[in-house]
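Read the structure below first, then the notes.
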């Protein structure tokens, strides 16, 4: 009776030993990190909130889903997940990640979802996302990204959703999303975007939904948006837009839904959406619209959302109501006034219900059509050039003044003189696209609260002395695209707290140095695309607080030593697209805070030794692209150390380049578009590149046998060079001390 029972125990023991040797059991029992939970049946591993500082190296190889939320990884090194080739989902939320090294995700060719939300990323280096050819969804929400470099997403050809919401983006460069051929939804909400380059959205042929709500767009970027030809849904709510019209150039043939809700819209051009033939739903809730013109859109518009606007249901709204009925468009707005119609739904009214004082239809004598408006006492309706009514008191004729936002606008009204009579508490005054050849003395009386003044495209040729009198709080002055050739200190005396002065696209031949003496707090001066030919001592004598100086696109041939000296706080200097034949090294003396130097597009041809020595300790970004560079001295970058983050040398004529040793902090180097001659003279550069964990784009143009090969990997060309064997020997312990060690610029 005992033998069968003994046989059973022997069988179970043998079975246990077999299972113990199986790969699955071995993985489950031996490879699960102690701080993690491994579910081998579903191939899930969870290591949440374990204070991990690096990715555990004993995670089962067959894992498909890895959850590392809430750890302290900070840096993701190259090949951090190379032992997990089967991963499809990777969650790295709230891991305090500050840097992703290039190649961090290489080997994850099956990954579908990468979640990097709620970390501390301020930049993404090129090649950081290499190896993710199957990725469908990338979450970068809630980081600290300030810029996007073209090419960052170039390896993500399968991506369908990209989430960049809740970052710190202020600008989208051209081709920012190049390579995203299948992306259908791009989320950019809750940033600080104010400018989109015209080609920013080029290269997104499949994009169907774009979220740009909660940004700082003051004008509709129609040219940029129209690049996304397949867009069906566009979300632009919660931006400080005050007006949009056909001139903004929005042309989206497939657009079905457009959200412009909760902005500052005061007027809308009748043909603003004339080039969106399939538009079905237009959301204008929560703006400052008192009425709308009949919109000239093709017949597919079916819903117009107007809730939360101060609609004034008087005779001026009849064309709108008649159009809504005729076009069979449903609307949900309600009347703010007059009193007898307050709270009435717009779509329940008849045209005869909308009347003004003196109308024959006003037979009941109630006399309330001209009663109190939201902005104050009674005033007649104000008309914009497109026929919209705009109610505010006081306010000059043909302008619109909104009490809630303290904004007043006369944009594009055809005015020949600066109007008067704006509300005394106005903070933003928009007078763009009128015709004021001269701005007279005391042109803005009573506007002591004014913060931002827009005078672009007004044909201004002169600001008379005292023109800005009384504008003690003015911070932003926009005078771009005018006819100015000079400015006097007397003209600016009334705005002593001005911080930002925009003078681009005028006729200046010199920096208006005398005028700057009246602006002791000026921090940013824009003089792009003028005709300035030189910078001389004294030009910036009054600009001691200046931090940003933009002189791109002028005719500058000389920057004299001492010309920039008074601006010791200067952080950004843009001298690109000028006629400089040499780096103005002497002029860089005395700029201890300079971080960004833009010299691209000048005919420099050569860089001598110590060209940037004066700003070596502070400089972080150096732009030398498209500068006809043919020769760079071996010590051209001497003085520049680990503080330099970006070096742009692309699109030059360099056949050779000395290795810029000592630049250990580089995060971006661009050497593309140079005709490098790959011979022994280039060996130092080859060595430097092999120790540099960055994508630089340097390729061989000659000899023909290696044309098109990357300098970094073209080792066969250099194997016969003197010194090549010494490099190989350097790797062995016996020769380590005798061979000179090449510094590595790897970021990890």
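Each residue, glycine too, has its Cβ placed from N, Cα and C.
Annotated features in Swiss-Prot:
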COMPBIAS  734-748  compositional bias 'Polar residues'
CARBOHYD  51  N-linked glycosylation site
CARBOHYD  625  N-linked glycosylation site
REPEAT    181-203  repeat 'LRR 5'
REPEAT    229-252  repeat 'LRR 7'
REPEAT    253-275  repeat 'LRR 8'
REPEAT    567-590  repeat 'LRR 16'
**OP:** Please report the number of other Cβ atoms within 10 Å of the Cβ of residue 51 (N-linked glycosylation site).
**Re:** 8
**OP:** List the residues of the same chain that sit at least 6 positions away from residue 625 (N-linked glycosylation site) in sequence and have their Cβ under 8 Å from its Cβ, in sequence order, or write 'none'.
**Re:** 600, 601, 648, 649, 650, 651, 652, 670
Original post:
What is the average pLDDT across the repeat 'LRR 5' (181-203)?
Top reply: 89
Original post:
With DSSP, how much of the repeat 'LRR 8' (253-275) is helix, how much strand and how much coil, in residues?
Top reply: 0 helix, 5 strand, 18 coil
